[in-house]
Number of protein chains: 2
Amino acid sequence: MSTVDKQLETVRETIDEVVPREITISDVTYEGPELVIYTRDPKQFARNGDLVRRLASELRKRISVRPDPDVLTPPSRAEEAIRKAVPDEAEISELDFHADTGEVLIKATKPGVVIGQSGETLRKITQRVGWTPEVVRTPPIESATVQNVRNLLQQERDERRDVLERVGRQIHREPMSDDEYVRITMLGGCREVGRNAFILSTPESRVLIDCGDVPGSSQQPYLEIPEAFGAGANGIDAVVLTHAHLDHSGLVPLLFEYGYDGPIYCTEPTRDLLGLLTLDALDATTGEGHAPPYDSERVRDAIKHTITLEYGDVTDIAPDIKLTLHDAGHALGSAVTHFHIGDGLYNVAFSGDIHYDDTRLFEGATNEFPRVETLVLESTYGGRNDYQTDREDAERKLLELVRETHDRDGTVVVPSPAVGRSQELMLVLEAAMRAGDIPEMPIYLDGMIWEATAVHTTYPEFLREDLRDRIFDEADNPFLADAFEPVDGDADRAALADGEPGIVLAPDGMVTGGPVHSWLEHLAGDADSTLAMLGYQASGTLGRRIRNGWDDLPIGDGGETVSLDMRVESVDGFSGHADRQGLENFVRTMNPSPEKVLCVHGDESATQDLSSALYHDHNLRTFSPKNLETFRFV
Amino acid sequence: MSTVDKQLETVRETIDEVVPREITISDVTYEGPELVIYTRDPKQFARNGDLVRRLASELRKRISVRPDPDVLTPPSRAEEAIRKAVPDEAEISELDFHADTGEVLIKATKPGVVIGQSGETLRKITQRVGWTPEVVRTPPIESATVQNVRNLLQQERDERRDVLERVGRQIHREPMSDDEYVRITMLGGCREVGRNAFILSTPESRVLIDCGDVPGSSQQPYLEIPEAFGAGANGIDAVVLTHAHLDHSGLVPLLFEYGYDGPIYCTEPTRDLLGLLTLDALDATTGEGHAPPYDSERVRDAIKHTITLEYGDVTDIAPDIKLTLHDAGHALGSAVTHFHIGDGLYNVAFSGDIHYDDTRLFEGATNEFPRVETLVLESTYGGRNDYQTDREDAERKLLELVRETHDRDGTVVVPSPAVGRSQELMLVLEAAMRAGDIPEMPIYLDGMIWEATAVHTTYPEFLREDLRDRIFDEADNPFLADAFEPVDGDADRAALADGEPGIVLAPDGMVTGGPVHSWLEHLAGDADSTLAMLGYQASGTLGRRIRNGWDDLPIGDGGETVSLDMRVESVDGFSGHADRQGLENFVRTMNPSPEKVLCVHGDESATQDLSSALYHDHNLRTFSPKNLETFRFV
Ligand SMILES: [Zn+2]
Ligand SMILES: [Zn+2]
Ligand SMILES: [Zn+2]
Ligand SMILES: [Zn+2]
Ligand SMILES: [Zn+2]
């Protein structure tokens, strides 16, 4: 008998002691980080209000109770009962019964109403029909991405259950070593922006945090070294993603090409955006005639292996590591990932990308933790002069540019990443137009922007509270404003460029390619139009060169150029990244203060400037690591 | 066809161009770092004086020419011819013919005479009999260790040839990566004295430098982490040993238990002492009822995989790494190991243990190198107060102790490591006795000291020049002085302790156990006798405690003690290690000066003190690494 089976036997004994004799337990297994209890008496179980809470505190585990499939009310009768139990104002749009897990997916416009006071309605449903309800919101804008991900997970339910059971047994295995250490190995993302990847290792476990690519390059993190996948793809216990931007997650599917078969922990929106962004990158790479490092099957693998967590959930991901995600304020579902190692031994937080102040989309990044000894901190704007314009001044400047350009009958082109900054700009422009601060005109949303917006509206609980409320009110949903027009392909762009003045939001943000490049080709010669460049431009990108004054725009692959006659303006202050002040504020007000800070995710000078400033001004032990180095903490 | 085979074909073509047509080449293979050319015409080959040199410079490889076994003169006739070719004064003691390699081993009292002017006699021998002569010295004191090692290598000649051929193909494989980096991973020996082990890695190759244990403990270096053997025992290309002390080589045989099957590079005396010291440690561990981590078969494995180098030889040990050993002045055959990586990319030197000044046994450590960017430096005496007494003062003090104790009819007991310090003390005491500075009395050599001395006399070319000359002159050989008496077991000790006054040299140096402990048990109550403690005492050892004033001597395992009434004196200045001044001098006069220094092999405070002194006083980038950390240089 394996140690996990022995452990499950002990767990089973405890359950038998706590649960009243009239409730039959048919099975107890681990599924991912959860302990799942199958019962033949789900109704009585649900009636015993705090039984689950008592079990969880007794067993010190996350517990999920499911009905034994034999005891479920047949779907047709169950549907009738559910619709009767839930008030009409919830507006149920769909019911989906999964016999293998005993779950019924309830899609409704108002999930809160389905759930009821403290989950009262859900408990009533289980009591009446046996099925465990899971509630999702009917999104105000339908997202194909979200739909595809959910369909995939439903189709592959069997394989997924195998994955979860295997992962569960892995997590709950008996610790083997009596040695103690905590290390971080830098596989990428040091003294550079891109290919973020870090290994957190203990004598017991190894976790990969992020696995990104380099925008516009085929460079990868050092995945092949022994500390990473050199000892076999499954020497890694878990992959944890801070967020879905490709510099953090673009090579996650590649891990499955290498044979990885373990879990990926992230938020639900990060999982869906991972699908959206990697499939889009795949299309782009293939379109340029390059061989992509993986195919779409690997994206599906990645999604099948995802275990989603909510902010604040403390989750066992290895025998000696607990993970908690905290809001990073940078992009939809972005997280500061916090690792508690051993029983009070050590704590490490990886900031991922953060925004310190509130934005129109998100609350600022969380920097309160139970304990953190070492912080791995992004440094995009860590340089000594990387103080950005105030958000209000930035908005004023952008709106001024829009007004001036409109007066000249020109078009404003804003290169913008599809996920995050585009939605932020949509909110700024919609508010200004509604208030009459800029004239009414079309706002063209190119590339993936519209789809990315749909994903945002699917997860309003990840947005700022006031925005969340407006999204639920269809009349007031800013993303549904009339001015927004999705753009469909280059013919569309040519026609629109020659027409009325307007505003264009188009990926990508660094002008390395993508729709924004087509817009520039159409408008390059138009001195009445404006190119408004926002935020960080990585070195080597066309965006950086234009910002530095180049006025030749390359066309096609043949080395041809056209003269860029448009007005080119930089507008700082819209970045999704904390600026130098924000980074310092994040660390200064962090509670508790960390002992050590590793500055990563920035150019060499930015990481060194930030490291030396945090050392001198805030008296912390700081480092600017290099890729391929390993730091030891305990 | 493998890339190595293709490469050998090209090599073969070059050989065919350079070698005259009348000389037939029957085979060309790699054996270890050498390219071996087999010829059916060894006589003509030998006659073409600089053919080998021309080939070596054309091919840029170390070349060895061997006769095809078919063309060798039968041994009996060959022996006659060899004895005729070599002058009688060479005093040949033995001839040994190896048909498989075409080598004949010539043991002689004066190898130089066998070799002749610029190897003239050797060439003559090959011309006449076809066999390739290899000359070894008939040692003035017969060493069982050396004899056993040589017998083993002879018995296992076939397996050894397989090993060499496999290693040769490994070394000369085609480089795979176009990435560039140089890293050092600390597996042990950081902020501690013991379990030295470091991994030097590039995208192409990985080398383990040293693999030691901790004196008196079962602690091992972190061999199981992915960077070491986690990716398989043969993820390591080569093991390189600085010297045979167990804190550097005690766990080398364990590597073969783990399945390692590659080469071990070191000097010839290090190989033999490795055999002597590990087998002795094995006996001691077994004697104490502990399970040793490997058995004697693994020691034989280690010796079979050894490739010995001379100081100054530049040797390819991996596609992108060249190794050179330099005299470290610390122990017989001890080496500073210098690694040249890539084609001028980077240079790293590991000091191993060093002694900066000349001693009676050795010249001081070499610190001239073609290039060195990073130095990994021992710090045993790196602490701010670790300045040791002058060698001359130390000798005066020791001799004074000997005289005083002799006057009281007592015995002086000197705990002393068998290899190195004991021979140094023998030279001091022999010289003093010969000069009449101390009275004539027996000098007892306990444990392995006599055998270790025999190994020293086998390799006089590794000793100081004046000592070398005296060893060859039997009448003047200091190690053959009448006063020296090997001790045989505890009955012998009891009798000797009760008898005449004398001097005892007994392992081990830190009084953790071994013969010295028996002597103390016999003499503990004798207030007329003296315990003279020399040099470094590691923390946690009995030696450290006695030095700190403890006067209870533990007896047996039961927790019993006897009172230590002997006079206890410390005599600094006899260490085989450079003191703080020596370490600073080594770095200060190093040519060229290194850019970075990693201070290892010392207590935490010693490594930190030395690191900070070298930074402040010599303006170097310095570090005091921790075990399990990885540094990147390029
Ligand atoms: Zn990001
Ligand atoms: Zn799988
Ligand atoms: Zn990023
Ligand atoms: Zn040593
Ligand atoms: Zn040592």
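Note: Cβ is positioned from N, Cα and C throughout, glycine not excepted.
Please treat TrEMBL annotations as automatic predictions, because they have not gone through curation.
What TrEMBL records for A:5-72 is region 'KHa'. For A:73-140, the entry in TrEMBL reads region 'KHb'. TrEMBL lists A:98-165 with the feature domain 'K Homology'. As annotated by TrEMBL, domain 'Metallo-beta-lactamase' applies to A:194-406. The Zn(2+) 1 binding site annotation in TrEMBL covers A:HIS243, A:HIS245, A:HIS330, A:ASP353. Under the heading Zn(2+) 2 binding site, TrEMBL lists A:ASP247, A:HIS248, A:ASP353, A:HIS601. Per TrEMBL, domain 'Beta-Casp' is recorded for A:422-546. Taken from TrEMBL, the feature region 'Metallo-beta-lactamase C-terminus' applies to A:576-634.
Sequence features, as recorded in TrEMBL, placed on the structure.
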residue	record	Cβ neighbours (10 Å)
A:HIS243	Zn(2+) 1 binding site	29
A:HIS245	Zn(2+) 1 binding site	26
A:ASP247	Zn(2+) 2 binding site	22
A:HIS248	Zn(2+) 2 binding site	31
A:HIS330	Zn(2+) 1 binding site	29
A:ASP353	Zn(2+) 1 binding site	27
A:HIS601	Zn(2+) 2 binding site	31
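The helix, strand and coil residue counts that DSSP assigns across the domain 'K Homology' (A:98-165) are 39 helix, 13 strand, 16 coil.
You'll find the Cα of A:HIS245 (Zn(2+) 1 binding site) roughly 13 Å from the Cα of A:HIS601 (Zn(2+) 2 binding site). Taking the Cα atom of each, A:ASP247 (Zn(2+) 2 binding site) and A:ASP353 (Zn(2+) 1 binding site) are about 10 angstrom apart.
In this structure the alpha carbons, written CA, of A:ASP353 (Zn(2+) 1 binding site) and A:HIS248 (Zn(2+) 2 binding site) are 9 Å apart.
Taking the Cα atom of each, A:HIS601 (Zn(2+) 2 binding site) and A:HIS243 (Zn(2+) 1 binding site) are about 14 angstrom apart. Each residue in the region 'Metallo-beta-lactamase C-terminus' (A:576-634) gets a DSSP state, and the totals come to 24 helix, 12 strand, 23 coil. Reported as a whole number, the C-alpha separation between A:HIS248 (Zn(2+) 2 binding site) and A:HIS330 (Zn(2+) 1 binding site) equals 13 Å. Here the region 'Metallo-beta-lactamase C-terminus' (A:576-634) returns a mean pLDDT of 96 for the predicted model. A helical conformation is recorded for A:HIS248 (Zn(2+) 2 binding site) in the three-state DSSP classification. Following the DSSP three-state reduction, the secondary structure of A:ASP353 (Zn(2+) 1 binding site) is coil. Across the region 'KHa' (A:5-72), the DSSP tally of helix, strand and coil residues reads 32 helix, 19 strand, 17 coil.
Each of A:GLY189, A:VAL193, A:GLY194, A:ASN196, A:ASP210, A:GLY212, A:THR242, A:HIS243, A:HIS245, A:GLY352, A:GLU378, A:THR380 belongs to the same chain as A:ASP247, A:HIS248, A:ASP353, A:HIS601, is absent from that list, and has a C-beta within 8 angstroms of the C-beta centroid marking the Zn(2+) 2 site. Of the chain residues outside the Zn(2+) 1 site list A:HIS243, A:HIS245, A:HIS330, A:ASP353, A:THR242, A:ALA244, A:HIS248, A:ALA328, A:ALA331, A:SER334, A:GLY352, A:ILE354, A:GLY420, A:GLY576 have their Cβ within 8 Å of the site's Cβ mean position. Following the DSSP three-state reduction, the secondary structure of A:HIS330 (Zn(2+) 1 binding site) is coil.
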